[in-house]
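Following: one structure in structure tokens, then a few remarks.
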Amino acid sequence: MIELAGVTKVYRKGRVEVPALRGADLRIAEGEHVALVGPSGAGKSTLLYLMGLMEEPTSGRVALFGEDVSNLGDTARSHLRGRTIGFVFQAFNLIPQLKAWQNVALPLRYQRVSKRVQKERALAMLERVGLAERAEHYPAELSGGEEQRVAVARAMVIRPRLVLADEPTGNLDSQSGRAVLDLLEEARSDGATLVVVTHDPAVAARAERVVRVVDGRVQPD
Amino acid sequence: MQSRRMKLQPVLSLASVALAAALLLVALASYQHAQARLRWLVEVAGKNVLIVQKDDAPGTIVPPGDDLSSFVARLPGYLRYALRAEGGRRPNAFDYYTQYVSEGYFSLRGYRFLKGHPLRQDADEAVVGFGLRDLLGKWVTVKGRRVRVVGVLASMADRGWPDSAVEEVIFLPWRLRRGAPAFFFEFASEPEARAALAPVQGWLKAHGYSNYEALPLANLYGLELRRKLRNVLGGALLWGVLAVVLVAAASLTAFRLARALERIRELGIRRAVGAARRDVLREELAASAAWTAWGLGLGWPLALALAGWFEARTGLSARPTAAATLTAAVGLLALSLAAAYFPARWAARQPPAGAVRGLAASLPQKRLGLAMLGLTLGVAAFAVQLGVNRSAEEHTRRMVGDLSSRTAVYSSFLFVGARSVTDPRGVTPLTYADYEALLASPLAGRIAALAYVEAYLTPLSGPAGRAYAYLRAYEDPYPKLAGAHLLAGRWPEPGVHEAVVGRLLAERLFGANDPLGKTLQALGRSWKIVGVYRGAGEALPGNAASDQLLVLRRDLGGTLPGARGEILVQLRSEAPAGTFEAVGRFLTGRHADPKLAPVRPFTRNDLAPEVRAVLLELAAAYRLLAVVILLLAGAGLAAQTLMIARLETRTLGVLRAVGGSRARVFAELLWPLLAAALLAGAVGTAAGAAVSFLVVHAQEATWSLPWAQLLFVTFAAPLLAAVFAAPPAWQAASVPPAAAMRSE
Ligand SMILES: Nc1ncnc2c1ncn2[C@@H]1O[C@H](COP(=O)(O)OP(=O)(O)O)[C@@H](O)[C@H]1O
Ligand SMILES: [Mg+2]
């Protein structure tokens with residue numbers, strides 16, 4: 001389902017080279033719930049961004065749903081990303097100028113879905129995360145926990161096959177964090193694969209498999 | 001706080017787009033109207049007409065006749081011809097200033113009738129100029145012959161110098177003529193008329209009419225001069241508009257780039273949820289086009305208001321025509337798409353991972369540099385405009401004469417002693433006694449400088465040729481008042497019969513030889529040439545043109561027959577309005593002859609009124625363009641500052657949270673901007689001066705650096721930055737720290 005083989009990623013800034021990944025190998029099966037753990041700076045986020053087609057590897061092979069995506073062009077990558085992958089970030093990353101429901105509807109907008117259907121599905125998603133009455137509010141008018149639930153709704157609105165969450169509870173209190181995780185796990189009931197980056201042992205404990213990332217490599221189990 | 005700021009920003013962006021649209025509209029419209037004025041300037045009468053006339057060299061001649069007419073009639077494009085003979089060019093030989101004209105003369109010259117109709121060739125009928133309109137319907141005796149005045153021409157004063165000379169002429173039938181004919185040949189087009197010139201000249205030469213010359217009639221209307229003027233003025237205008245467009249483009253690009261930077265995180269999020277690069281690009285372009293459409297919609301009424309204000313102040317229309325609106329709309333749309341494209345492309349190419357990590361927030365130097373790009377271009381464009389305008393103005397002044405607006409000429413067009421001029425509108429002859437009386441009068445207190453000069457038409461001959469030229473016998477400070485500049489040698493000393501010769505006259509008489517030290521015979525004595533001068537403008541009353549000879553009047557030992565007296569008056573700057581007219585009344589009163597027309601002041605605005613009018617209007621258009629440039633650069637800067645401030649909201653919040661006062665944060669925000677603006681001013685000024693130098697040289701005009709203005713421009717940039725950037729900076733500094741920290 002997800003397969004990374006010998007993946008490296010080097011960030012360049014002028015003459016300075018920062019190797020974030022130094023040959024990572026990882027396989028994740030369809031429908032699996034995996035937690036990525038490891039020290040800060042180990043390359044967890046980078047790994048997640050590569051799986052989510054948000055970045056391209058410097059070398060190595062990335063395959064998604066049995067298809068090599070290393071050499072896909074931007075349009076195809078964007079297409080795949082928009083229709084199959086849901087992202088949740090630590091810093092929420094909502095668009096402050098858009099209302100809650102508009103933030104949720106955002107992915108649908110790039111799928112040529114009619115405005116009316118966009119709003120219907122966004123409101124239905126907000127209902128599912130328990131924020132139906134906050135639909136018309138701007139992100140700055142919501143609490144952190146509410147913002148992250150809106151972000152989860154945005155990830156779920158496309159009925160993703162793959163949900164990627166980068167420390168989704170990192171900015172939240174434990175109660176809000178649990179609520180967010182519950183919502184993420186609900187997605188799995190539809191058959192989605194869930195990959196969560198975390199350094200909270202309680203969060204990692206909820207996963208079926210814990211993968212350790214150290215110094216740009218995936219540690220063998 | 002957050003939501004208020006969120007609403008304020010689109011309002012401000014929209015306002016600046018609307019302002020840009022309005023300014024562009026007004027600039028284009030004023031360009032269009034000014035261009036129309038310039039076209040009008042060269043639409044002179046007689047463009048398709050060749051005139052064949054006796055030249056001004058002395059000597060009796062046998063004029064050509066039907067042989068010439070039938071030759072010209074065979075040339076391509078020929079339409080028709082008319083004839084004219086002068087009845088009153090020679091001193092003391094006339095009762096009226098008369099011209100004998102053939103059938104069709106008035107319509108060929110384009111003279112319109114105020115009242116009545118053209119004269120019949122076989123009747124004792126006459127037509128008079130506008131100045132003699134009282135004679136309509138009367139019988140008058142001209143050269144011993146009684147004729148009835150059947151028509152009056154409309155006033156020609158606004159058609160320029162050669163036509164205003166017919167205001168006081170009586171036109172008589174061709175059959176009564178004395179003197180040599182002038183031929184007017186009309187062709188179907190200007191090129192055909194020009195093409196006929198050489199064959200006609202060749203024919204004149206081949207048939208021995210060496211005293212006859214052929215030239216395009218339009219030359220008498222200063223067409224060449226007007227064309228040069230149009231090129232110089234039109235060139236400056238075009239550069240002004242180009243500068244406006246350039247600044248608008250730079251401001252828009254910097255604005256869009258700042259906006260893309262500001263939105264880089266948002267664009268990253270959009271990419272993360274599935275937007276492809278081309279989705280982002282398309283959205284950004286669509287947004288830019290939408291802004292432009294709104295801006296145009298709102299800018300249109302603003303442009304109308306601006307144009308109304310401008311028109312009320314300057315008289316030059318800037319009202320957007322349909323064409324200007326369409327051009328501005330299409331242009332602005334294209335401009336905004338182009339301005340949005342590269343920033344949007346850059347933004348779309350950022351990997352979404354980097355964007356959501358917030359990488360763009362660490363590019364402050366780049367942002368400041370971009371903000372300054374618009375300003376640098378604005379300053380450069382402003383400097384180009386100043387340089388080019390200055391050269392255009394100087395060029396123009398050289399072409400149309402140098403009399404200051406505080407100077408007037410009082411002239412006797414007819415001759416001293418020609419008291420047989422009994423026409424009701426005859427002109428008062430001015431004399432040296434009038435000048436002395438004016439000097440002694442109370443009016444002298446309002447006069448800064450006063451000069452008397454007598455003009456004598458006299459034959460001159462030198463080793464290289466002959467000329468029939470004006471000799472001007474002057475009292476100081478005539479050369480200075482008339483704008484004559486010494487090119488070589490010195491001015492004459494009294495008592496030793498010295499003269500200075502005009503550059504053109506010197507060429508004609510002496511060819512390539514140095515005229516200094518040579519002598520010339522005129523008015524019964526010999527004059528030693530001690531200097532060469534360059535005159536101002538054309539041979540108009542009072543002007544010391546370059547084809548004349550200047551001597552001191554006291555060397556003549558009194559006024560000689562044939563003198564035309566002229567008095568030049570330069571007023572003190574504090575002289576009350578109406579002083580010119582008061583001097584005219586004073587001079588009129590000294591002659592107290594009810595049969596003579598009153599003495600009128602002749603100011604430089606009368607010399608070439610339509611050229612001056614166009615010049616004034618264009619000067620207004622230049623100023624408008626300059627202001628537009630500065631406003632565009634300023635508005636762009638303000639919008640960018642706002643974005644920088646927004647981008648730095650977090651930083652500002654942190655600064656405030658750790659104890660920075662509002663004033664302190666404000667200063668920290670503004671200082672680098674001011675420093676960069678000073679740099680932008682210096683760089684822009686230098687670049688602009690260089691470009692204006694190249695432009696002016698390409699136009700074959702002389703370039704002079706307006707130092708004071710350039711210095712002003714250099715400091716205008718930081719001034720502009722302060723004025724336009726301070727409000728958004730202050731707004732940003734005023735954010736409560738808590739709100740700043742909360743903003744996502
Ligand atoms: N855009 C970038 N430019 C340079 N270095 C980067 C960039 N993004 C991440 N890094 C570096 O890559 C390494 C891995 O980062 P990251 O994947 O965010 O780690 P983690 O999420 O495990 O904390 C770190 O050393 C980080 O400094
Ligand atoms: Mg991380």
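Yeah, the Cβs are placed from backbone N, Cα and C, and that goes for glycine too.
Remember, TrEMBL labels are computer predictions, not curated facts.
Taken from TrEMBL, the feature domain 'MacB-like periplasmic core' covers B:12-176 (among others).
Residues or ranges marked as domain 'ABC3 transporter permease C-terminal' in TrEMBL: B:242-352 (among others).
What TrEMBL lists as domain 'MacB-like periplasmic core' is B:369-578 (among others). For the domain 'MacB-like periplasmic core' (B:369-578), the predicted model reports an average pLDDT of 78.
TrEMBL lists B:624-737 (among others) with the feature domain 'ABC3 transporter permease C-terminal'.
The feature transmembrane segment is assigned by TrEMBL to B:236-255 (among others).
Packing against the transmembrane segment (B:285-310) from elsewhere in the chain are residues 13-14, 17-26, 29-30, 256, 316-320, 325, 328-329, 332-333, 336-337, 339-341, 344, 620, 624: each is 6 or more residues past its ends and has a CB under 8 Å from a CB in it. The feature transmembrane segment is assigned by TrEMBL to B:285-310 (among others).
Taken from TrEMBL, the feature transmembrane segment applies to B:322-347 (among others). Same-chain residues lying 6+ beyond the ends of the transmembrane segment (B:322-347) with a Cβ under 8 Å from its Cβ atoms: 17, 20-21, 24-25, 28-29, 31-32, 245, 248-249, 252-253, 255-257, 259-261, 263-264, 267, 280-281, 284-285, 287-289, 291-293, 295-296, 300.
Under the heading transmembrane segment, TrEMBL lists B:368-388 (among others).
According to TrEMBL, the feature transmembrane segment maps to B:620-645 (among others).
The transmembrane segment annotation in TrEMBL covers B:666-695 (among others). Sequence-distant contacts of the transmembrane segment (B:666-695), counting only residues of its own chain at least 6 positions beyond either end whose CB sits under 8 Å from a CB of the stretch, comprise 235, 239, 368-369, 371-372, 375-388, 391, 637, 641, 644-645, 648, 652, 655, 660, 703, 705, 710, 713-718, 720-722, 725-726, 729-730, 732-733.
Look at TrEMBL and you will find B:707-726 (among others) tagged as transmembrane segment.
Counting only same-chain residues 6+ beyond the ends of the transmembrane segment (B:368-388), those with a CB under 8 A from a CB of the stretch are 235-236, 239-240, 243-244, 246-247, 250-251, 253-255, 257-258, 622, 625-626, 629-630, 632-634, 636-637, 640-641, 644, 672-673, 676-677, 679-681, 683-685, 687-689, 691-693, 695-696, 703, 705-706, 709-710, 713-714, 716-717, 720-721.
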